[in-house]
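Per TrEMBL, the feature domain 'PDEase' maps to 177-498. Here TrEMBL flags His253 as active site, proton donor. Annotated AMP binding site per TrEMBL: His253, Asn254, Phe255, Arg256, His257, Asp294, Asp403, Gln454, in sequence order. Positions annotated as Zn(2+) 1 binding site by TrEMBL: His257, His293, Asp294, Asp403. If you look up TrEMBL, you'll see Asp294 marked as Zn(2+) 2 binding site. Feature annotation from TrEMBL assigns region 'Disordered' to 499-519. Marked as compositional bias 'Basic and acidic residues' by TrEMBL: 499-511.
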Amino acid sequence: MGTSSSSYAPKTVYLDVDGKMQKVIFSRYCSPCDIRELLCSSSHIARNTAIRLVDSEGALVSIDPTMPTNTPNSQYKVMPQSTGQVGDKEDMFQNVLSQVAEQFSRAFRINELKTEVTNRLAMLEKRVELEGLKMVEIEKCKNDLRKLRDEMTSKGGGRVTCGCKYSFTEDGKKLSPRRDVPNYPKYTLSQETIEALKKPTFDVWHWEHNEMLSCLEYMYHDLGLVKEFNMNPITLKRWLLGIQENYRNNPFHNFRHCFCVSQMMYGMIHLCNLQERLTMTDMCILMTAAVCHDLDHPGYNNTYQINAHTELAVRYNDISPLENHHCAVAFQIISMPECNIFANIETEAFKHLRQAIITLILATDMARHGEILDSFKQNVDNFDFTNHKHVTCLKLVLIKCCDISNEVRPTEVAEPWLDCLLEEYFMQSDREKSEGLPVAPFMDRDKVTKPTAQIGFIKFVLIPMFETVMKLFPQIEEIMVQPLRDSRDHYEELKQIDDAMTEAQKKKTESKSLGGKKK
């Protein structure tokens, strides 16, 4: 028992610390590191210092739990190891590391890779420097052009400009497509989509730009226009890309609106069997005018252009400035060889197409609505499809119908368009107020509501026009005219609700006012 218990007894050693005896007790189960730290602490030496333990005769004593005990008369001394010894070990360690690094360098050719990377970085830096110089030169040229244009404008009588104007030298404006044809994915239209495209109920909100481009491309092929006018299919793609990229990102007058009008035109061609009654040239005029009819629309209407004396209004003498501009941009795009879908037709045939397309686009100016509709009414009862004047009048009315046909579509498709239109109207009226220009009540966010915006337009513009067309094509009544009547009834009901709520609120306010006076 005594032997067993003594094996667990702590161990004691005596140290000479600066001439004074220091007693150190530690367990036999301490690690050598723990004992070294204990000896350093007892001798006032920093932890982790390399030390050695010597007895009274200068002999080294191993520092571990098995070290021999001593007596107060034979004290041990703790001595830091000389820096030379530590340095020797460090030198040896560094030599080993150098040898290992050299072996790795040989194995992986690190130096050669470093040289190659350094050279490549130098080349890239040089290229960046050169590109930077090019950009500086380009910006300098742009600034020079701006200054020159400003000087010319000032010399030309100080024309009024505005943020919504278009200039044919506008910075960054690209009439040619920014994407090449290989980046224009080809979509295979399902039979369901093909059939839906022919109907006014088509939901234009479910399609991305590339898909709409594919649909437009399909329409030109399906109507036989590509074959009839010997259009290069790749040129057709480039032309459509150029068209899409020259519609601005306005809330309403954007590329989706262009597609919406073009799809309605395609639908009316099928619904009214126009392929059997009109020529292929007429089909081409109708579709191309629909595609181009609002190109580069700035989001501010003719009234603003004229009142603000913008560059467009000055250029076109206040006569349909926007519509004239849409025509100009359309034929600028077609004038480029890579986008000229009419490159393979005779000069006289092109002149006829060009003039007819311009005539249709100019007809989309709502200021001419009464004049065009009255002319059509005079002919509709005795309409003759062989009479050039009658057919021209019909084409003018057809593009007008398609341009303002949103309310023909289902409510879930039509109503978002109304939101977009009001947003664009409000942007204009806000600007007109800030510039001290007249503001139309139907565009003023403080006065207009959805019902008040639509009721008059549907009753006095849309329904009379579509009912007149219905005399010539009775088949449109169910699918186009009846939805307009339903839409009119819908907004009239909404207006009655709004009026009732306004009246109730008015009475409530008056009641509170009277109650306050009695008190």
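Cβ from N, Cα, C; glycine included.
Just so you know, TrEMBL annotations never went through curation; they're auto-generated.
What you see is a predicted model, and the numbers here were worked out from it, not measured in a lab.
Annotated features taken from TrEMBL, shown on the structure.
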residue	record	Cβ within 10 Å
His253	active site, proton donor	25
Asn254	AMP binding site	20
Phe255	AMP binding site	21
Arg256	AMP binding site	18
His257	AMP binding site	22
His293	Zn(2+) 1 binding site	27
Asp294	AMP binding site	25
Asp403	AMP binding site	22
Gln454	AMP binding site	27
In the predicted model, what is the mean pLDDT computed over the domain 'PDEase' (177-498)? 95
Counted with DSSP (H/G/I as helix, E/B as strand, rest coil), the compositional bias 'Basic and acidic residues' (499-511) has 13 helix, 0 strand, 0 coil
Give the sequence-ordered set of same-chain residues, not counting His257, His293, Asp294, Asp403, with Cβ within 8 Å of the centre of the Cβ atoms defining the Zn(2+) 1 site. His253, Cys258, Val261, Ala290, His297, Thr364
